[in-house]
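Below: one structure, written as structure tokens.
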Amino acid sequence: MYKNYFIFFIIFVLLIGSMLYLYKNFLMDLLIASLICIATFDIKIRLDRFIKINFLTTTLSILFLLLFLVLPFAFLLVQIVVFFTDLHINQVIAYLALSKEGILRFLEQFSFLKPYADMLGDNISTQYLVDLGLKVGSYIGKESLRFFIDICFIVLFLFFLFYYGKEVYLHFLKAMPLKLSQTHKIFQEVSGVLKIVLFTSLINVVLQGFAFGILMFYCDYNNALLLGILYGISSLIPLVGGALVWIPIAGYEFYLNHLNQMFLIIIYSVVVIGFIIDNVIKPFIIGFVNKKILKKPLKLNEIIIFFAIFAGFSSFGFWGIVIGPAITAFFISLLRLYQNKILRDFDTV
């Protein structure tokens, strides 16, 4: 009898390995869709109270998420296409040439920086910068296409997870080698952390985008709304974040010899947005969401969630913003279960 179980176990492990290899290109998309489903399934639950058609509530839930999350990206993409449609290569070359001359003049004013000015003038030509820009643009285009394909698969998986959510959840509870109450408690903690990350990210995007939009309006930029949206979306990326937006704008102000506005943009972006909003206010936002928005506050320090976002991004890229906190919450939940249940059982033996 034990021999039969052993053979079954070997076959089962081999089949799991085969399934993972077969679907390896879709595992990350499926994982992201599962985590998004866990964080936002309350939307479908609320719709189910008023609409009893599962297909309709699933479709409405997906459309709501697409409208709320994809619409800013779509608006940004349209504006970028319009910008590059009106852009001429001669204008770019002239801008790069004048920028290089301005930087050289600035460096030559300081004797200790003159060697760097000579190196810049000898090694970096306008054509080199144009070629570099084309390479960077090609890379961004390729990564954007891959990101769009990932979004399509995530939406597809998310639809099926919303549609069969309750059945999948029950099968998951029964498959875990724990009591149903223990598995449900772990699931609640992971779900709570994901909701905190979702709400915190949305509030942070709005705050940073709004703050930068005000700065651009004060600096008389006609496209202040677009730049605010772009900055808000960029703020989702840990470490670099809004620097992807304010550094080129500060460089443009330097090119125009508007040094006062350049220093204003740098100081405001680094101190007010980058430090105060992103590093000082954000942990308080996490605590506020945990205590005021969640039905049952989590017993998890806000700083742990804060650093889990950074760790997830460094290991998994953009989607690590969600994966990092989920893994951390799952580990802490299992650790608490081990401390409260398993060790206690050993003590009573």
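Any Cβ shown, glycine's included, is placed from N, Cα and C.
Quick look at what TrEMBL annotates:
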TRANSMEM  6-23  transmembrane segment
TRANSMEM  59-84  transmembrane segment
TRANSMEM  145-164  transmembrane segment
TRANSMEM  196-218  transmembrane segment
TRANSMEM  225-249  transmembrane segment
TRANSMEM  261-281  transmembrane segment
TRANSMEM  302-335  transmembrane segment
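Nonlocal intrachain contacts for the transmembrane segment (225-249), taken as residues 6+ away from its ends with a CB within less than 8 angstroms of a stretch CB, comprise 72-73, 75-76, 79, 201, 204-206, 208-210, 212-214, 216, 265-266, 269, 273-274, 278, 309-310, 313-314, 318, 321. Tertiary proximity for the transmembrane segment (302-335) is limited to same-chain residues at least six positions away from its ends with a CB under 8 Å from its CB atoms, namely 28, 31-32, 35-36, 39, 147, 185-186, 189-190, 192-194, 196-197, 200-201, 236-239, 282-284, 286-287, 290.
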